[in-house]
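Input: a single structure, listed below in structure tokens.
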């Protein structure tokens with residue numbers, strides 16, 4: 001875990017705070033130096049990935065080949081001896097799930113807006129030969145303009161046999177899985193996605209799942225029966241659409257093609273859902289080419305040719321981010337970075353990668369790596385090395401809508417499935433190579449490293465330390481800190497607590513566990529916590545504008561987003577004390593640092609079942625005090641119920 005791993009990355013990006021983290025990956029907010037645009041950088045450790053390393057190919061290949069207004073955009077891929085960096089579109093609005101929590105449930109008009117965007121994204125990926133196979137609110141991010149972006153393609157499948165190819169792998173989240181998957185039958189990926197979309201639509205409009213139970217086998221029986229409650233507030237049109245998607249027999253389910261112009265989705269709209277991409281990969285913008293050629297002192301012809309190679313190197317990233325600026329109405333201009341010790345880049349020649357990204361041909365059966373399902377180590381979450389973060393939302397707007405027709409999606413039934421537990425060595429028979437004609441090399445194996453012992457954990461659980469309210473620090477310094485364990489989310493107000501009868505929870509287990517012996521389950525990913533924390537500190541020192549010795553003494557000022565609950569309490573210390581008093585009664589352990597409480601729950605056997613953060617904050621445009629809530633690990637619906645219970649007990 002040498003700093004050398006970050007050398008290439010730091011040529012082009014300034015790293016900010018950690019906004020998501022896990023056992024083998026973390027996500028950092030960053031700024032692209034030449035455009036100034038914000039990006040999210042997913043940092044994966046090869047050693048921690050282990051046998052899942054080849055499965056990174058599934059995620060990266062899919063994102064290289066998918067370019068759509070409702071799919072999260074990949075900008076840049078960097079490989080070093082120990083790390084893989086994926087530079088992605090930054091979506092500050094957080095998970096769609098947070099929006100559901102804030103609203104309790106969505107009105108049909110709100111749900112229709114979001115669901116049209118979901119249908120658009122899914123229809124597009126099906127038309128490209130992919131099935132997502134892990135559709136759920138946690139895998140949909142909201143941008144600054146309330147538009148959705150589909151993420152997490154680690155379980156996607158592109159069958160070698162085409163869209164009619166039947167799949168066998170059982171994967172995804174149990175509560176969203178189609179009956180044919182949990183029965184272990186061969187299935188068509190696109191049909192399974194339609195079922196998941198039905199569950200997702202129900203969750204949007206009801207605020208809870210149609211099929212849910214503590215016991216996974218009971219949950220499976222409910223799914224296979226296909227019977228669910230129909231709340232009185234649902235309109236006849238929405239009830240009909242749900243029944244058409246949640247058909248136990250996949251052949252009776254509505255197709256994506258018919259979804260595009262379904263009467264419920266057309267209500268209030270003059271045209272069917274627009275599924276085609278607004279920015280196909282073949283298109284190169286002339287204004288962006290001109291700016292890049294002038295900036296790097298290269299001919300327009302050479303610049304256009306380099307962009308058209310779509311190598312997902314810094315050239316690709318610079319072009320895509322510059323084009324994003326143009327779509328926002330911003331000036332199409334690049335700025336020359338002058339980082340300490342860096343020489344300005346003067347030509348594209350200097351930007352060409354020293355080596356291309358290498359992939360390893362999958363030889364580990366049907367193992368799948370899910371980027372969005374990060375596991376957290378207790379040492380990392382409850383460590384002494386805790387910092388705060390503050391950032392301003394900023395994300396590209398959606399392109400202007402245009403009319404389009406859908407041609408062949410309903411003939412795109414199948415998509416592959418990849419198991420997390422299978423460890424036998426065999427070819428990946430379901431996924432065809434998404435990057436035809438591109439490098440067929442393999443990921444380089446990680447270089448040997450010498451482990452460094454962890455530092456002692458001196459934090460004590462459940463100890464309240466009232467922050468010093470007399471000291472103040474400038475807001476601009478907060479955004480330069482490099483904190484840990486805070487995924488992207490935003491939110492407004494928590495309202496309309498779910499009724500007591502909604503107490504059953506979704507089971508966040510591998511679907512595979514129903515069909516496989518426990519000896520086949522893979523071991524937990526290793527976490528190099530102390531090494532990562534030390535590296536974060538080194539990066540903080542090396543990155544310009546980082547300030548040593550920064551400490552926050554008062555509550556942060558935040559915008560009233562979807563994951564911030566407003567309260568009627570004006571004193572932040574009083575609110576903090578109320579939360580601390582309530583947590584033990586809910587069997588929640590916590591570690592406090594300033595105004596943030598890092599919380600976790602455990603099973604009777606000591607296994608961590610839930611990890612989340614509660615932070616007392618000041619709302620930036622008022623004198624009101626709020627609570628920022630953030631799920632880090634565990635079932636999303638159990639988290640929703642628990643946080644609502646805590647806030648209700650605090651009487652905020």
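Here the Cβ of each residue, glycine as well, is placed from N, Cα and C on the backbone.
Per Swiss-Prot, the feature active site, proton acceptor maps to 134. Using a 10 Å Cβ-Cβ cutoff, residue 134 (active site, proton acceptor) registers 24 neighbours.
Look at residue 19 (ATP binding site): DSSP puts it in a strand. Here Swiss-Prot flags 19, 20, 21, 22, 23, 24, 25, 26, 27, 42 as ATP binding site, drawing on sequence analysis.
As annotated by Swiss-Prot, compositional bias 'Basic and acidic residues' applies to 472-484.
Per Swiss-Prot, phosphothreonine is recorded for 169 (among others), and the stated evidence type is similarity to another entry. Under DSSP, residue 169 (phosphothreonine) is assigned to coil, being neither helix nor strand in the three-state scheme.
The feature phosphothreonine is assigned by Swiss-Prot to 415 (among others).
The feature phosphothreonine is assigned by Swiss-Prot to 450 (among others), with similarity to another entry given as support.
As annotated by Swiss-Prot, phosphothreonine applies to 452 (among others).
What Swiss-Prot lists as phosphothreonine is 482 (among others).
According to Swiss-Prot, the feature phosphothreonine maps to 484 (among others), an assignment based on similarity to another entry.
Marked as region 'UBA-like' by Swiss-Prot: 284-323.
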If you measure residue 27 (ATP binding site) to residue 134 (active site, proton acceptor) at Cα, how many Å is it? 20
Cβ contacts within 10 Å for residue 19 (ATP binding site), all chains included, total 25
At the level of the C-alpha atoms, what whole-angstrom distance separates residue 25 (ATP binding site) and residue 134 (active site, proton acceptor)? 19
